[in-house]
């Protein structure tokens, strides 16, 4: 793999187009219209945003050299504080409170890892336990009494929070009482045309304003981290803190800032769950999304754009799960089988016959499963995001490069 | 060689990193700090901290509670040992949770279908559980050495996959059956020839009478602890394990294959994880159902951290956590949500690791001062060592 070509935007667009054609094909073959329906794409976006925000939190921390496996705990803190403020003073205050709650978890992580030099993973695990315990405890204490209880709170859930406004694009997707051209196009289930309409409508129909904010964070994060002095300092702490120190960068301060931002973004992911996805705090609501966000970040090679792509992939598989997509996942078996055949051919061409053989066997296995059944059982669909994560990590992790000093203990004034 | 210092003197002098005073003092200090934080938290919620803690202690020392605490501690202990094996090699096996649940389910299905004479059925069930746990953990190990996937992420994903697989298999169409009169789904009951009797009979023979049922497999946990201690401290494998964890470069240079060690460690960890569900399965529930204890793997991580990966330390930590979980119900009576126990456990872990780190820094500073002092007096350390 010494001649790795750098992929640029046109390549990515070409790949995306090819995948869409293939998806459209399996949809028509299997009659599984949910594969590219606007409902699925809408759900994908809604489910991808928390994963993306959590992953962005991980990206900020790891760019400064602090592994943050406590994202899940910070996210849980964000759901609780978000719902607590949200049901009383409206969803946007809830969003701010969610960010603050997550940042509090980030502060704890920064104190433990930066000031006290505790192992990053151990501290993260502790924050996950603490975040879960604290919110369960506080939910029982706050949501289960008095006014909150009358509004529908309980020991495991908060009173409902007003959802954040959703907007649709006029004319194309039926915003503001205008015609819904893409929607009517989608209903015909034509090859490719309806798929394209479904995807576009999913991306422009009933989108929450907070989703828009999250999407804007992709270029903003890129700009701040790669195009400003502050970003350069943060990244230098993740690559070589001793060199940064010798150049006058205040490494502790940078790490604190990055981990606080990281916690805030994880908290925002939690707040998104309570103000957009399900307008309520519930115990166990995050369902491991913090960890999947971390995996999406690794998949995206510690860069915002790649992270966004990874989040959409996991959001899509999660959408299958949420929409009870046994039929759609069944069609996707064929999709993956075709991809595997392509991989097998590519590996055979590169004379890597073991890999080619494995891919071919897997493809045949999936094909047999596809032909032998009508739907995939719901219990198996439930872990499709996690299985995808595992496979993607297994296939991708060797081409990735994490920040050089990621996870290492650093103490001011010491030699390395 | 230097003269051997008696243990009690070593305690007083607190010799180096192996100083007993610090080794025991650090966790005790951490626990005291955590207790203080918990007290403050109880105060804030409006409960009386002293009487709340008193109520927990009173309830926790009744004979019925003691049996329950010991049973819980057995599960926590096995889980923590499984985690500690990984920790010894700087591997964090978060997947213990999925490993033990999957192992318990498949072993329960096997035991329910078996009808072998007394010792064989039990042995086969336990071995099957260890094999399943080991194989499930092996996936993470193999992915790490062949594809460079962090075991932290892969085991988290494997946990979710195990949950889905269990939901798929624990279905009347597959390995389980509906229990009439309830919504519970369970594997077929283990026949009486395949069960392990309670320990109460053996204990009352030596004069200890306990109510309830103490796990018959509790001694297995003790044996696992002893074997863990012996293997880590007195075998080549244990040495390789520690070196690979502390200094991978040195291990590689001395001919230890890091890749092999990672896979072997994960498989061992998973095999021990397979044991976690066995005392409950063969000694109490006789079936894997929706009510089977869950989440033990995560408790195990906490317990292993608190016990500093030492067999005895883990035992104390396991009993402490079992005590907290068992007595949390009492707090409901003083209007404190029982989930405060989760907060306590998180606080304990965080305090423990911070205190350990501070103690480590303190020791390094003291040693540096000692060395600097010796050098300043012109005392030749090397010659002094030989002369003794």
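Every residue gets a Cβ built from N, Cα and C, even glycine.
According to TrEMBL, the feature transmembrane segment maps to A:47-71 (among others). Packing against the transmembrane segment (A:47-71) from elsewhere in the chain are residues 102, 105-106, 109-110, 113-114, 120-121, 123-128, 131, 210-211, 214, 217, 221, 225, 234-235, 237-239, 241, 254-255, 257-259, 261-266, 268-270, 272-273, 276-277, 286, 289-294, 296-297, 300, 302-304, 307-308, 310-312, 314-316, 318-319, 322, 402-403, 405-408, 410: each is 6 or more residues past its ends and has a CB under 8 Å from a CB in it.
Marked as transmembrane segment by TrEMBL: A:92-115 (among others).
Positions annotated as transmembrane segment by TrEMBL: A:121-143 (among others). Long-range Cβ contacts of the transmembrane segment (A:121-143) within its own chain (Cβ-Cβ under 8 Å, at least 6 residues beyond either end) map to 67-77, 79-80, 84, 105, 108-109, 112-113, 149, 153-159, 281, 283, 290, 407.
Residues annotated as transmembrane segment in TrEMBL: A:209-226 (among others). Sequence-distant contacts of the transmembrane segment (A:209-226), counting only residues of its own chain at least 6 positions beyond either end whose CB sits under 8 Å from a CB of the stretch, comprise 45-46, 49, 52-53, 56, 59-60, 63, 95, 164-167, 234-235, 265, 268, 271-272, 275-276, 303-305, 308.
Counting residues 6+ beyond its ends, the transmembrane segment (A:256-278) has Cβ neighbours under 8 Å at 46-47, 49-54, 56-61, 63-64, 66, 68, 71, 74-83, 86, 91, 94-95, 97-107, 109-110, 113-114, 158, 161, 163-164, 208, 210-211, 214, 217, 234, 237, 285-286, 289-290, 293 in the same chain. Per TrEMBL, transmembrane segment is recorded for A:256-278 (among others).
Residues annotated as transmembrane segment in TrEMBL: A:328-346 (among others). Same-chain residues lying 6 or more positions outside the transmembrane segment (A:328-346) and placing a CB less than 8 Å from one of its CB atoms are 22-23, 26-27, 29-30, 32, 34-35, 40, 320, 355-357, 359-360, 362-363, 366-367, 369-370, 373-376, 381, 384.
The feature transmembrane segment is assigned by TrEMBL to A:353-371 (among others).
Residues or ranges marked as transmembrane segment by TrEMBL: A:383-402 (among others). Residues 1, 4, 62, 288, 292, 295-296, 298-299, 301-302, 310, 313-314, 317-318, 320-321, 329 of the same chain lie 6 or more positions beyond the ends of the transmembrane segment (A:383-402) yet place their CB under 8 Å from a CB of it.
Long-range contacts of the transmembrane segment (A:92-115) within its own chain (CB-CB distance under 8 A, at least 6 residues past either end) are made by residues 57, 61, 66, 68, 70, 73-75, 77-86, 123-124, 126-127, 130-131, 161, 164, 210, 252, 255-256, 259-272, 274-275, 410.
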